[in-house]
Amino acid sequence: MVDIIDKALRMGEGHQLKKLENVAKAVNALEDEISALSDEDLKAQTPKFKQEIENGKSLDEIMPEAFATVREVSKRTLGQRHFDVQLMGGAALHWGNIAEMKTGEGKTLVATLPTYLNALEGKGVHVVTVNDYLASYQSELMGRIYRFLGMNVGCIITEQKPPERRKQYNADITYGTNNEFGFDYLRDNMAWEKADLVQRGHHYAIVDEVDSILIDEARTPLIISGPAEGDVTRWYRQFAKLVLKLTRDEDYDVDEKKKVVGILDPGITKVEDFLGIDNLYEPANTALIGYLNNAIKAKELFLRDKDYVVTQGEVLIVDEHTGRILPGRRYNEGLHQAIEAKEGVEVKAENQTFATITLQNYFRMYDKLAGMTGTAETEAAEFMNTYKLGVLPIKTNKPMIRKDQDDLIYRTKKEKLAAIVKDVAKRHAKGQPVLLGTASVESSEVVSTLLDVAKIPHQVLNAKQHEKEAAVVAVAGRKGAVTVATNMAGRGTDIMLGGNVEFLADAKLKSEGYSPEDTPEEYEKRWPGTLNEIKAQVKDEHEEVKELGGLYVLGTERHESRRIDNQLRGRSGRQGDPGESRFYLSLEDDLMRLFNTQLVAQVMAKGMEEGQPIEAKSVTKGVRTAQKAVESRNYEIRKNVLKYDDVMNKQRTVIYSERQAVLKGEDIHKDILRFISDTVESYIKGANKGSEKPKDWDWEGLFKALNTVIPTKVDEDEVRKIVGGLKGAKAVEAVRDLIVEDARQQYGEMEETIGETGLRDLERRVVLAVLDRKWREHLYEMDYLKDGIGLRGMGQRDPLVEYQREGYQMYNSMIEAIKEETVQLLFHIDIKQVATTDEAVDEVEETAESADTIAVASGPDENGESVVEAAEGEVEEEDEDTDAKQAIAESAAASGAGESTLPVAGPAPISHAEGKVPVSKRPKSEELKTPWADGRTFPGTGKNAPCPCGSGRKYKMCHGQNEK
């Protein structure tokens, strides 16, 4: 199906490319005219273009002249002239496409064209990069063009405070990473004051390395979270010790391909003996299963220096795709704690989600979206289906002459590594620069050790050397350079033969104390001379390296994605330079072992000798077949994630829209009055027990329950007399009107006490407090629902349809709860005892959970595990030697006789096959988030009546759920 879509998408490429060529011709036709303009005349172009837009001209109409202007300014500031293919790429981006341009074709410079053009509308343009360094570097370097033309340039980086971030967003053009843009969106939707908002909309975004951000990280939700209640760190440490006593394949199964584990009967017996319990699968021991599965996963599936590194007593996740450390991020659902326990470092507290959105849904909010990458065509169908983005391959400025050799396959990793070192030694001896791409930190360090033994000088670039990334890559093309890099580390900085001229010139000026931001005039004055000086130094070496064959890229193993292999290869052969690439494989590599067992069997059958490789197109083809299978699987996972997140996205859009309206001062007084009426009517309907006759209603229960929300002064006997002769809807309406009239009178008295302005402000604050709390509870309950919804398929029901249906019901229940709690809070503030509105607000906010201390995070990675950026905080250490049996006894004593011995995870079904138990989502005792988990029902209770269990919820939102 995907292949058919790909073919259909390519059918229109010729027509699109013709349009792009026409744009380049139109720009070239203006070059002489624009080149003749003085600096002042060029600067006057910006106000002229803005006036033309105001007068009704479209961006398409002014595009040729605007592009020609940017090209001329680039020549004068950077010494770089846009090639025709770069003009074509700029037009493709302006029209909302992905421009596929090979490495070294100057994508960063291409982005200046549509960025300037779209910034003329005054609505802001976001340029999205993969890390803070690139955002800062590009905003400085390319910012010279924009600043020359009178545009403001901002840059969002991690450490900035809200006032500074707001200033950066208010600039005409803002650079930043995908995470920073996404988190600021979430923070804006948690703000309590309009003045705290930082973003100003989502008009146009250009995403650099778009495949990395919109494909590789698409399954990663951005999450803002805070610490959950309770300290269960002892359990993680106990289970970390316990699993060391268990044996793989004897006590538990591991499926490395699917990244799941399963406990076997002998293992269950050992666990029960160790913990001193009779049955691991009793409801009281539900949470133990989660600790056990996470401990096994931490032991078998998450490897140090591959999936994570340990630095200064902290477990830091390594991005599988880039090899970069992800500072502050944490795996969710207790997995990170299990890894911390395994490594013997401090086990930090679990977190509770406050706000979340996937990158897919965040970027789909933009009015116009575009992207750049060197490798998008393999994912063209997904880009179109998910983001409505077409992929336009832009031809290279000069023909590609890189030689891509067939793969070499060896029996073992040891043989493969020996061959790699031999090949590198040969290349290094003649001075040819070599880039070795590895799949993990561990692999890079193994290769580095072998190169040290062979006395081959080299640089290592992996997650542990993140800070020097750009500097290492900038000189990786120099004569004799040998660079070992994990996957795509260093992506975003060109490897130029002889050295990266622009980077070296910028570094030299900064070392002398000149910066394009701090000392722009001096920097601009010295730039041409410094650039020419570096060019002269690099020129001879560039030619020498070309004669040696250019950059040799050596892949130490294949990645699951063809795209990432192509990105590694793409580091060589830029701008028509010579180059060569080859991948070395072994039958022990993960891709071969897990996804291509048939090819492995065929190779083994040939009886390979030690150290003897197989080099054949059939091997390369077999590897690509395995990669296609993995890519297809990952695409289906991303599609599935998006389908489920679309349910939440619709709800989130409505909630955030309403919240923004309240935050920005919309008068909600009429809404409050409607909340009062709706709440009263809901309670009346809950008390009538389905009877139309008022004499059959539970009047005592009605007024008792109603007084917990609105302390009504209406006399029960008087009401019964008035409605005695009425039935059905008329009776309900009459009772409602009497109680609502009394409530409004009380509310009016409240307004007289604190004034109209004071009450409006109080209403706004109360609604925000309640909405935030209920939305967090809703996220919590939707997570529960999603965790167990897959099991509905066993009952011949579509899990997605079930999730949509129940999610909608839960959303409606949340809306009712927001109305009810808002009314309850407003009527239970003792206004007479509160001197000012601020004090009243403080009283309200004390009733809601505080979200001042938050953690920022990113969720399920490619393995389906969630990652979370946790806030810093002190975690009280438990005694490492605490015995597990004693811990269970203590927990039982604390919870009371006959109650669960552990904080039970809640009503979500447990998938033993996947080992997924959301233990981090334990209900808070005072909130009783899942009181209906005991399975009880109370027949005869009205669905809107208070639940007899005493939780304070309506029956339908509590134990009434057990009747479904």
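Backbone N, Cα and C define each Cβ position, glycine as well.
Keep in mind the model is a prediction, meaning the values are calculated, not measured.
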ATP binding in Swiss-Prot involves GLN86, GLY104, GLU105, GLY106, LYS107, THR108; of ASP494, ASP506, ASP518, the partner in that site is ASP494
Once DSSP output is merged into helix, strand and coil, LYS107 (ATP binding site) belongs to helix
Densest Cβ environment (other Cβ within 10 Å) across the binding-site residues LYS107, HIS959 belongs to LYS107
Students should find that the Cα atoms of LYS107 (ATP binding site) and HIS959 (Zn(2+) binding site) sit apart, in Å rounded to an integer, by 58
Binding-site residues GLN86, THR108, ASP494 vs HIS959 (Zn(2+) binding site), shortest C-alpha separation belongs to THR108
Same-chain, non-site residues whose Cβ lies within 8 A of the GLN86, GLY104, GLU105, GLY106, LYS107, THR108, ASP494 Cβ center for ATP are MET101, THR103, LEU109, VAL110
For the binding-site residues listed (GLN86, THR108), most other Cβ atoms within 10 Å of the Cβ sits at GLN86
Simplified DSSP label at ASP494 (ATP binding site) comes out coil
